[in-house]
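Undergrad: Just passing along the structure, written as structure tokens.
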Amino acid sequence: MALERTFSIIKPNAVANNNIGAIYARFESAGFNIIAAKMLHLTKEQAEGFYAEHKGRPFFDGLVEFMTSGPIMVQVLEGENAVQRHRDIMGATNPDNALAGTLRADFADSFTANAVHGSDAVESAQREIAYFFAADEIFPRS
């Protein structure tokens, strides 16, 4: 296994439902170090830029609207095999298909309001981390 970084978002519904602490506790219990974190409220332009790969898809406008509907938490997680392990604890994108005990099974409200986002590959993690964090905002602890 390799020490990796992955990017994570706690989405507006989970922030509004006061689930930040519970989700952070799950990250730390799973062996992740949270090496960068901040709360922000995305502008339409920021959301469209972040999700640019989905532009033109039927769900794009709804996703942008949801992601700009309230504050989010963005964080960088570091740990062994971080990208895949984070995806495993998030659960299936559709919370109806998420295994019990996963973040989406426990905190999602719907397919769009599915509580969390996580990078799908090391390369996308690097791109997503750089979208929200400068190098001097990341503090490795390992």
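Any Cβ shown, glycine's included, is placed from N, Cα and C.
Swiss-Prot lists Lys11, Phe59, Arg87, Thr93, Arg104, Asn114 with the feature ATP binding site. Taken from Swiss-Prot, the feature active site, pros-phosphohistidine intermediate covers His117, and the record attributes it to sequence analysis.
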Undergrad: Please give the greatest C-alpha separation between any two of the ATP-binding residues Lys11, Phe59, Arg87, Thr93, Arg104, Asn114, in angstrom, as a whole number.
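TA: For the residues that bind ATP, the greatest Cα distance is 21 Å.
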Undergrad: Near Thr93 (ATP binding site), how many other Cβ atoms are within 10 Å of its Cβ?
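TA: Around the Cβ of Thr93 (ATP binding site), 14 other Cβ atoms lie within 10 Å.
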Undergrad: When DSSP states are folded down to helix, strand and coil, where does Arg104 (ATP binding site) land?
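TA: Reduced to three states, the DSSP call for Arg104 (ATP binding site) is helix.
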Undergrad: What is the total of other Cβ atoms whose distance to the Cβ of the residue listed as 'active site, pros-phosphohistidine intermediate' is within 10 Å?
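TA: Its Cβ shell of radius 10 Å holds 19 other Cβ atoms.
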Undergrad: Three-state secondary structure of Arg87 (ATP binding site) from DSSP?
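TA: Where Arg87 (ATP binding site) sits, the three-state DSSP reduction gives helix.
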